[in-house]
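Written below as structure tokens is the structure these notes are about.
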Amino acid sequence: MWWDERVSARFRRNLQPTLTYWSVFFSFGLCIAFLGPTLLDLRCQTQSSLSQITWVFFSQQFCLLLGSCLGGVFKRTLAQSLLALFASSLAISLVFAIIPLCHNVVLLAVVMAVAGLAMGCIDTISNMQLVKIYQKDSAIFLQALHFFVGFGALLSPLIADPFLSDTNCILANGTANASSNLPHIRKSLLPHHPGNLSHYDLPMKGLVVTRVSYAFWIMALINLPVPIAVFFLLYKERMVPCFNGSSHPLLSADELALETRPGDKDEPPAAGQRPHTAAGHEDLFSCCQSKNFRGASYTYFAVHITGALVLFMTDGIVGEYSGFVYSYAVEEPLAVVHKVAGYLPSLFWGFITLGRLISIPVSYRMKPATMVFINVVGVLVTFLLLLIFSSSVVFLFVGTAALGLFLSSTFPSMLAYTEDILQYTGCATTVLVTGAGIGEMVLQLLVGSIIHDRGSYSFLVCGMIFGCLAFTFYALLVFFHRLYPKPSPELDEASPDKAAAPEDTGQYQR
């Protein structure tokens with residue numbers, strides 16, 4: 001096997017929780033990519049204007065960020081974490097089932113806000129629990145986790161595509177012109193971000209003839225096994241309130257989902273480690289409490305900030321590139337035909353998913369710091385070549401695929417690298433997830449306004465600037481890593497690698 005027996009044994013001990021966290025992230029991906037392709041049908045369903053329907057995007061993105069910040073509140077115990085994941089994944093299925101019933105844009109925005117909160121909780125809790133289970137071995141499992149979000153993001157547009165309206169989905173006088181514009185409008189929304197569509201006018205009143213409801217109900221059924229899987233894990237751990245047994249299978253310290261449960265001969269050092277570990281991985285508000293800053297060096301804050309800024313830039317690039325590459329391609333000087341340009345966002349997300357799949361075995365052989373270096377340099381070089389060959393349609397497709405590959409593993413690699421620097425006692429997961437969410441939301445708005453004022457070429461210029469900033473922040477992170485205090489020998493002896501022995505039964509026990 002391409003990984004050693006120790007990691008394999010740890011994975012087997014935690015097979016059910018690991019697979020459960022992966023499946024929950026599939027729900028995240030399924031929910032994040034469906035809005036773009038279905039937006040016109042949803043606009044017809046709600047009979048709303050373009051400016052009104054864009055609030056649906058904002059409500060989802062804003063509440064996703066809010067859910068990421070609040071997700072840590074539900075992980076003070078393992079039971080709270082699993083209950084939050086169960087509620088979140090079930091909420092996503094319910095959202096898919098309810099969307100066809102939303103005939104008012106305000107109601108649709110509220111429903112998508114609920115979906116955003118659920119997605120934010122999933123994002124924070126799943127990343128954090130895997131880090132706590134595998135710690136120094138977490139990189140490979142984080143890569144797999146983020147593969148599943150990419151897989152879900154690819155699947156939902158494919159499910160929706162057969163049910164999208166080929167002609168205008170509101171029958172009214174003068175729909176012929178709107179019908180001819182519909183394929184162009186829809187393609188500019190792929191994969192999940194609206195383009196500049198203000199010059200297209202669709203009828204606001206009439207008979208709605210969309211079949212997109214079937215797509216949402218199919219996605220609701222596909223997602224339904226995920227909350228069932230979380231429920232089975234809750235039941236196995238005797239954490240279901242109505243089935244709670246007389247004895248709890250986990251020790252109180254195991255509420256943090258750590259793999260470092262002591263064996264008989266490891267008990268003294270591991271026990272000394274527990275209070276130290278319990279202080280970390282808090283929610284964003286707990287991280288900001290002054291008690292967590294006492295005695296902390298400036299490098300402690302610098303590692304958190306620079307790590308979050310790297311993801312602010314790279315996740316922002318993912319959002320702005322997928323959102324505006326179509327608009328860039330169809331404008332001069334490239335003037336790609338609309339049908340061909342529509343493949344660019346799908347190509348981008350496809351190579352992100354492929355890159356995450358490739359990164360699973362690669363992350364076992366390569367250090368997270370090295371992978372992040374390759375990622376940020378690759379992004380920088382790709383944008384530079386895109387600028388040089390800005391008149392080449394072929395290189396636009398090649399560069400889009402390369403950019404997807406380089407961006408694919410940035411988040412899980414940065415998360416593993418930063419947590420390793422902080423010895424899994426800081427607030428890195430919460431801060432990095434929050435920084436990435438803010439970046440994806442803010443940079444899309446920024447780039448959209450710049451393209452509107454300066455033209456489509458500024459799309460690549462912005463990407464180049466963001467890539468340079470990501471590389472700069474990564475260099476600062478490496479610098480602060482060298483200054484960060486090394487763990488004491490006693491702490492090293494109590495590290496997860498030393499504590500995890502073959503006879504260790506793992507944290508998830510009956």
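The first residue you see is number 1, and the count goes up from there.
Every residue gets a Cβ built from N, Cα and C, even glycine.
Taken from TrEMBL, the feature region 'Disordered' covers 488-510.
What TrEMBL lists as transmembrane segment is 21-40 (among others).
The transmembrane segment annotation in TrEMBL covers 52-74 (among others).
The feature transmembrane segment is assigned by TrEMBL to 81-99 (among others).
Taken from TrEMBL, the feature transmembrane segment applies to 105-126 (among others).
Sequence-distant neighbours of the transmembrane segment (138-159) (same chain, 6+ residues past either end, Cβ-Cβ under 8 Å): 3, 7, 11, 18, 21-23, 25-34, 36-37, 126-127, 130-131, 190-192, 215, 218-219, 222, 346, 349-350, 352-353, 356-357, 359-364, 368, 371, 408-409, 411-413, 415-416, 419. Taken from TrEMBL, the feature transmembrane segment applies to 138-159 (among others).
TrEMBL lists 214-235 (among others) with the feature transmembrane segment. Long-range Cβ contacts of the transmembrane segment (214-235) within its own chain (Cβ-Cβ under 8 Å, at least 6 residues beyond either end) map to 16-17, 19-20, 23-24, 26-27, 30, 34, 38, 79, 82-83, 85-86, 89-90, 92-94, 96-97, 99-100, 155-156, 159-160, 162-164, 243.
Residues 352, 372, 375-376, 379, 403, 407, 410-411, 414, 417-418, 421-422, 426-428, 431-432, 434-440, 442-444, 463, 466-467, 469-470, 473-474, 476-477, 480-481, 483-485 of the same chain, all 6+ positions outside the transmembrane segment (298-318), place their C-beta atoms under 8 angstroms from a C-beta of that stretch. The transmembrane segment annotation in TrEMBL covers 298-318 (among others).
Here TrEMBL flags 340-358 (among others) as transmembrane segment.
Tertiary neighbourhood of the transmembrane segment (370-389): same-chain residues 139, 310, 314, 317, 359, 362-363, 395-396, 399, 402-403, 405-407, 409-410, 413-414, 417, 460-461, 463-464, 467-468, 470-471, 474, selected by CB-CB distance under 8 Å and a gap of 6+ residues from either end. As annotated by TrEMBL, transmembrane segment applies to 370-389 (among others).
Positions annotated as transmembrane segment by TrEMBL: 429-451 (among others). Here the transmembrane segment (429-451) has Cβ contacts under 8 Å with residues 61-62, 64-65, 68-69, 71-72, 120, 123-124, 127-128, 131, 193, 196, 281-284, 287, 304-305, 307-309, 311-320, 323-324, 327-328, 411, 414-415, 418-419, 458-459, 462, 466 of the same chain, all six or more residues outside its ends.
Look at TrEMBL and you will find 457-480 (among others) tagged as transmembrane segment. Away from its own ends, the transmembrane segment (457-480) comes close to residues 299, 302-303, 306-307, 309-310, 313-314, 316-317, 320-321, 324-325, 327-328, 369, 372-373, 376-377, 379-380, 382-384, 386-387, 390, 418, 443, 446-447, 450-451 of its chain (Cβ-Cβ under 8 Å, at least six residues beyond either end).
For the transmembrane segment (21-40), the list of distant contacts is 53, 56-57, 60, 85, 88-89, 92-93, 95-96, 112, 115, 118-119, 122-123, 126, 129-130, 144-146, 148-157, 159-161, 164-165, 169, 182, 185-186, 189-194, 202, 212, 215-216, 219, 222-223, 225-226, 229-230, 345, 349: same-chain residues at least six beyond its ends, Cβ to Cβ under 8 Å.
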